[in-house]
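Positions annotated as domain 'Major facilitator superfamily (MFS) profile' by TrEMBL: 1-485. Summarising the annotation, TrEMBL assigns transmembrane segment to 38-55, 61-84, 114-133, 309-327, 339-361, 393-410, 459-481. Feature annotation from TrEMBL assigns region 'Disordered' to 233-264, 489-601. Taken from TrEMBL, the feature compositional bias 'Acidic residues' covers 235-251. What TrEMBL lists as compositional bias 'Basic and acidic residues' is 515-526.
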Amino acid sequence: MSMILRPIKWFYHEFGIVSINETGRNAYFIILARTCRMFAYGTNSLILAIFFSALKYTDHQIGLFMTLTLLGDVFLGTFLTLVADRVGRRKVLMGGSLLMVLTGFIFASFENFWILLGAAILGVVSVTGSDFGPFRSIEESMLSQLTTPSSRADVLAWYVTTSTLGSSIGSEVSGRVIHFLEGRDGWTSVDAYHALFWVYTAMGLVNAVLVLPLTEDCELQTATAAARETYVELAQDEESEPEPNVEETPEEQQQRRGHGGAHVRVPIPNTEIASSTAAARSWPAKIGSWFAHRLAQISAPTRAVMYKLWFLLTIDSLADGMVPYSLTNYYMDIKFHPAASALGDVTSVSYFAGAVGAVFAGPLARKIGLINTMVFTHVPSSAAVLVFPLPPAFWMTAGLLLVRAGLNNMDQAPRSAFIAAVVKPEERTAVMGITAMIRTLAAMAGPSVTGALAAGNKFWVAFVVAGVCRLCYDFGLYAMFVNMKLHQHEDDNDKTRSSRRPRSLAGQQQMTENNGRDQRRERERERDEEEGVGMGMGMEMEMESLAASGSDFDSARSSVEMVDEAKVEKGENTGSGGLQLPVAGSERVRSRSPHRSTAMD
C-alpha cells in the first residue's frame with residue numbers, strides 16, 4: 001500500500017496541491033470559477049472570427065470589432081479593478097458575471113454588427129481567448145492575499161493550469177457541437193455558432209453562483225485599508241501637546257493624550273486631493289485626476305519596478321494582440337480549410353498542452369527562480385510564433401501551435417508571484433488592475449493591424465512581427481530583472497490568517513514536535529536559572545529556543561510593535577511600563593528584563 005501512496009504523496013506535495021488545501025475553500029471556488037469562465041472563452045475563441053466571416057463581414061470589420069472590444073475591456077476592467085477594494089471585490093466579480101450573461105444572450109440572439117459591437121464593448125467577451133476584463137486582476141489579488149510567499153507560486157500555477165484545461169475542453173466541445181449541429185437538417189453554420197453563445201451565457205450564470213460562497217477573507221482587510229490613509233508622525237512629551245485636529249473624534253483625542261512620549265499616527269485629511277478633484281471641471285479631467293491619484297497611492301519603490309515591467313508587457317501584449325488564438329484559427333482556416341472538428345481538436349490539444357505545461361511552472365520556479373522560469377519557457381513559444389507561417393502542411397502548422405500554447409502559459413503564474421513579491425499587499429489590486437489595463441491597451445492595436453494585413457494578403461507578416469516582439473520581451477525581462485532580489489511583503493492579517501488555517505497531518509505532526517522541543521528547552525532553562533546559572537546562559541538558551549521554533553528577534557520585535565499599535569487603537573496607555581508581548585496558545589515569549597533574573601536569584 002505504501003508503494004502506491006508514496007508517489008501520490010510526492011505529487012501532492014511537489015506540485016503544490018497541498019498549498020491549495022492549506023489556503024482554504026476560497027481558493028477552490030476562485031480557481032473553479034475561472035476554469036468555468038475559461039471554458040466559455042474557449043468555446044467562442046474558436047469561432048468568433050469565423051462567426052463574423054460567416055455573417056459576411058470584411059476582415060477590416062473583424063479587426064475593428066476586436067480592437068474596439070479590447071478598448072472597452074480597458075475602461076471597464078480598469079474602472080472595476082480600481083474601485084474593487086472600496087466597493088467590495090465579491091460585488092465586482094458578481095457584476096462582471098452578470099455582464100457576461102448579458103453579452104452571451106445578445107450574441108446568441110442578434111446578428112447586426114453594431115449591436116454585437118456594443119455588447120462586446122460594454123459587456124464581457126474574450127476576443128483573444130485570454131482572460132481580459134475585471135476578473136483576473138481581482139482574483140489574483142485575492143489569491144495573493146489568501147496565500148503565503150511559500151505557497152503563492154503553487155496556488156497561482158494551479159489557477160493558470162485549471163483555467164487552461166477549461167479552455168481546452170471548451171474548444172473541443174465547440175468543434176464537436178458545431179460539427180454535430182451542421183449535420184442536422186435545417187441548421188446552418190451561423191445557427192450552430194449562435195447555439196454556442198447560449199453555452200457562454202450558462203457559464204456566466206455558473207460563474208455568478210461560484211462567487212456567492214466566497215468569504216470576507218477575500219476582501220481587503222480593514223487594518224490594511226486604514227494603513228492607506230495619509231498620516232504624519234508627531235513627537236510628544238509631557239509638557240507640550242499639539243493643538244487637537246478639528247477632524248478628531250473624542251476617542252482619537254483620548255488616544256492621543258494617553259501616550260506620553262510615544263509617536264502617534266494621527267490621520268490628516270488629504271486636502272490636496274479633494275481640492276484637485278473639485279477643481280476638475282470636465283469629465284476627462286476628473287478621470288485623469290482620479291487615475292493620477294490612484295497611481296500616486298502606489299509607493300515609489302513599487303512604481304520604479306513596475307514601470308520597467310509595464311514597458312516590457314506592452315511589447316509582449318502588442319504581439320499577443322496581433323495573433324490571438326481566434327485570429328490564429330482564422331488564419332489556419334483560410335490557408336488549409338480544415339473541418340471545424342479538426343480545427344477544434346487542434347485547438348483543444350493546444351490548450352491541454354498549455355495546462356500540462358502550467359503544472360510544472362510552480363516546481364520549476366522553486367528550482368530556478370521566477371524570472372528564469374518566465375524567460376526560458378517563453379523563448380521557445382515566441383520562436384514558434386515567429387516561424388508559424390513557414391510550414392506548407394496543416395499538421396506541421398498544428399505542431400507549432402502546440403509548442404506555442406504548451407509553453408505560453410508557464411510564465412503567467414511566476415509573473416503574478418513576481419508582482420506580488422515586489423508589491424505591498426494594499427497595492428496589489430491596483431497594480432494588477434493597471435497591469436491588466438496596460439496589457440489590454442497594447443493588445444487592442446494588434447487586431448486592426450492584422451486585419452489590414454489580412455485584407456492585403458499579407459496575413460503572415462503579423463506572425464513574424466509578433467514573434468520578434470515576444471523575443472524582445474523575453475530578453476529584456478532577463479536583462480532587467482534576473483539579478484533582482486525579491487522582498488516579500490506580508491501584512492499582519494496575512495500572518496494571522498495563515499496561523500489559523502487547517503494544517504495537513506504532516507504539518508500537525510511537525511508543529512507538535514516543535515512545541516514539545518520548545519517545552520523541553522523551557523523546562524531546562526528554568527531549571528538552570530533555579531540552580532544559579534547566570535543571565536548570559538539564560539539568554540543563550542532562550543535564543544536557541546526561539547531559533548528552534550522558527551522565530552527570531554525581528555519577529556519578536558514585530559510582535560511588540562503589533563501589540564503597541566493595537567493598544568494605540570484601543571486608547572490604552574503604552575507610554576509607561578515595560579514592553580508586553582502577545583501570548584498565543586502554548587507559545588509565549590519570556591521577558592528579557594535583568595530585574596527578573598535578579599529577583600529569582
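Backbone N, Cα and C define each Cβ position, glycine as well.
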Check: Are there residues at least 6 beyond the ends of the transmembrane segment (393-410) whose Cβ is under 8 Å from a Cβ of it, and what are they?
Finding: 160-161, 164, 325, 328, 332, 335-336, 338, 346-347, 349-351, 353-358, 360-361, 364, 373-374, 377-378, 380-381, 384-385, 387
Margin query: Given a Cβ distance threshold of under 8 angstroms, which distant residues of the chain, six or more beyond its ends, lie next to the transmembrane segment (309-327)?
Written below: 45-46, 48-49, 66, 70, 127-130, 347, 350, 382, 385, 388, 405, 419, 434-435, 438-447, 449-450, 462-463, 465-467, 469-470, 472-473, 476-477, 480-481
Margin query: Below 8 angstroms Cβ to Cβ, which residues of this chain, lying six or more residues outside the transmembrane segment (114-133), approach it?
Written below: 34, 37-38, 41-42, 44-45, 48, 65-66, 68-73, 76-77, 96, 99-100, 102-104, 106-107, 163, 167, 200, 204, 320-321, 324-326, 436, 439-440, 443, 447
Checklist line | Positions whose Cβ lies under 8 angstroms from the transmembrane segment (339-361), at least six residues beyond its ends | finding: 15, 42, 45-46, 153, 157-158, 160-162, 164-165, 167-172, 174-176, 178-179, 182, 325, 329, 332-333, 373, 377, 398, 401-402, 404-414
Check: What average pLDDT does the predicted model assign to the domain 'Major facilitator superfamily (MFS) profile' (1-485)?
Finding: 81
Margin query: Checking distant contacts: for the transmembrane segment (61-84), what same-chain residues at least six beyond its ends satisfy Cβ-Cβ under 8 A?
Written below: 49, 52-53, 92, 95-96, 99, 113, 116-117, 120-122, 124-125, 127-128, 132-134, 137-138, 141, 291, 294, 321, 324, 326-327, 330, 429-430, 432-434, 436-437, 440-441, 443-452, 454
Item checked: Intrachain neighbours beyond the transmembrane segment (38-55), with Cβ under 8 angstroms and 6 or more residues off its ends -> 61-62, 65-66, 100, 104, 107, 111, 113, 125-131, 163-164, 166-171, 173-175, 178, 189-190, 193, 196-197, 199-200, 203-204, 324-327, 329-330, 333, 343-344, 347-348, 351
Check: Hey, which bits of the same chain come close to the transmembrane segment (459-481), Cβ under 8 Å, at least six residues off its ends?
Finding: 308-309, 312-313, 315-316, 318-320, 322-323, 327, 331, 334, 371-372, 374-375, 378-379, 381-389, 418, 446, 449-450, 453
